[in-house]
Amino acid sequence: VKLQKHNTNVQGITYRNGFHCTARILATEGVRGLYIGATPSFVGMAFESSLLFGIYSQTKQSLQGGVQSSRPQPQVIIPSAAFAGAIISFVLCPSELVKCRMQIQGTDSLVPKCSGYSSSLDCALKTIKSDGVTGAFRGGSTTFLRESIGNAVFFSVYEYVRYYMHLQLKSGSSDHNNLVDMGIGILSGGLGGVAFWSTVLPLDVAKTIIQTAPDKSSPTNPFQVLNSIYRMSGLRGCYTGLGPTILRAFPANAAAIVTWEVAMKLLGIKNN
């Protein structure tokens with residue numbers, strides 16, 4: 001978030017890369033600075049994950065119409081994932097707005113200290129007080145696009161990698177056990193996460209700029225924002241923060257998929 005906000009702005013400090021940004025945070029704010037905005041992230045992700053996987057599974061079953069196929073069906077996966085992503089965007093938007101506004105604060109901040117927030121709750125209340133309830137959903141259309149497109153990519157990659165890895169194991173002589181299933185989950189989930197963020201990172205950059213803009217009259221059209229960034233910083237500017245995002249994406253999504261698959265097994269639900 002700091003990279004996306006500062007490196008696309010003509011004023012203030014420019015971070016050389018993710019490591020430089022991390023070093024600056026540790027030097028000026030300490031370890032605590034790395035966890036600013038953690039509360040809305042935890043709350044948002046808890047609801048987001050349960051909704052995402054639940055809606056995806058149910059929609060996928062409905063579209064299959066009781067006809068189970070071992071081979072991935074893009075005509076089922078893509079709309080199911082896009083629909084699930086669209087629904088969770090309404091949960092993610094306000095929680096990410098608070099997270100982003102909290103995270104752009106600090107020593108290097110472009111935000112004046114007098115207008116800073118003491119906590120996530122303070123940020124949420126001040127946002128609603130100044131902008132109304134709709135202000136909490138600033139950047140909603142961008143979040144909607146990011147989650148719909150991103151999750152269609154994520155689940156497509158996940159389902160196909162999982163299918164072909166299971167196919168290879170069936171044709172080979174390897175023993176198929178829970179450890180192997182976990183390994184497949186780690187790889188398919190991790191690659192799905194990398195594909196998600198590689199595809200929609202420009203929309204995430206635009207969302208950060210939109211949600212942290214101090215002026216309520218600032219543009220909220222993501223393509224207008226990206227056009228402005230492109231003119232100033234080129235394509236590289238539209239992919240600001242790619243390194244840290246990809247480093248986070250693989251382990252985070254691998255963990256999410258493994259947890260989901262284990263939960264499905266424990267609940268006795270077949271994952272097709």
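In case you wondered, yes, glycine gets a Cβ from its N, Cα and C as well.
The feature transmembrane segment, as given by TrEMBL for the ranges 11-33, 34-56, 195-217, sits at 34-56. According to DSSP, the repeat 'Solcar' (1-62) comprises 47 helix, 0 strand, 15 coil.
Proximity of distant same-chain residues to the transmembrane segment (34-56), defined by a Cβ-Cβ separation under 8 Å and at least 6 residues beyond the stretch ends, is recorded for 1, 22, 25-26, 80-81, 83-85, 87-88, 91-92, 94-96, 98-100, 102-103, 105-106, 119-120, 124, 151, 155, 256, 260. Residue counts for the repeat 'Solcar' (180-266) under DSSP, helix first, then strand, then coil, are 75 helix, 0 strand, 12 coil.
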